[in-house]
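What follows is a set of notes on a single structure, which appears directly below.
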Amino acid sequence: MSSATVIQSIAGTGARLPPLPTIRDLVRLYKLRAIKQLSQNFLMDERLTNKIVKAAGNITGHHVLEVGPGPGSITRSIIRKAPRHLVVVEKDRRFLPTLELLSEASAGFLRMDIVRGDILQFQTEQAFPDCPSQDWHDKRAPVHIIGNLPFAISTRLLINWLHEMSTRSGAWSFGRSSLTLTFQKEVAERIVAPILSERRCRLSVMNQIWSRPELKFIIPGKAFVPKPDVDVGVVTIVPLKTPLTTVPFPVVEKVVRHIFSMRQKYCRRGVANLYPPELRD
């Protein structure tokens, strides 16, 4: 039986992992506690992790990068969809035993690599050396980034990825790779805010120039352990075939940042700061 047939067979019925302890049991077994300084919040409900992965679309036989898998709850849902290659990037060494358990359990039907490191420093283009590049104007690339992002770095990370998207580097060197990510509900709503919305901000503009973001659903804060003070939104981001501008990302980002730096004021005040004092009038 070919590898493609195996993948189709697994995905058709839902890949079945060997019997494993539940995520809750593993968290207790390894005495894993969320670290507040790392903005860690665990999602234990399998129905919700399955829903996040479903929002990413078809990942069967594709390449998936998971950001901050923690104890591996979303990782399990990804594995059940039988991607060809799964790379997880985790900064906290405490979670390595639980991730290694998943890697060993899924070794028969997919490749899973565990990278201990900071996603802000990770070179995404090196994650999938065997992934062919897809023409940008053709169908979407078979590459997906999925993650329950730490609140503390979510905005910075998204801006970094949008920059790479604009230059077709990083994960976007393979083509129009997609993102399925969690954000604080307020941030998620700002990302997708339309023109003239009161929620419109720098993130809205930057995202919508280079991509089509969509707020898929809201997860109540009580679903996480420990419970954060806010609800969480799941957002998918798909690159546009043709961006709304050809102006380089750093220039656009600087202009947009200045425009939104003085909310509740006329935008000319922010724009004026882009010029030397003697030219502002």
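Glycine residues also receive a Cβ, built from the backbone N, Cα and C atoms like all the rest.
Automated prediction, rather than curation, is the source of TrEMBL annotations.
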S-adenosyl-L-methionine site partner of ASN41, LEU43, GLY68, GLU90, ASN148 (as recorded in TrEMBL), chosen from ASP118, ASP130: ASP118
Under 8 Å by Cβ from GLU90 (S-adenosyl-L-methionine binding site), same chain, sequence gap 6 or more: GLY68, PRO69, GLY70, LEU96, LEU99, ILE114, VAL115, ARG116, GLY117
DSSP state at LEU43 (S-adenosyl-L-methionine binding site), helix/strand/coil: strand
Residue, out of the binding-site residues ASN41, ASN148, whose Cβ gathers the largest set of other Cβ atoms within 10 Å: ASN148
Densest Cβ neighbourhood among LEU43, ASP118 (binding-site residues), 10 Å radius: LEU43
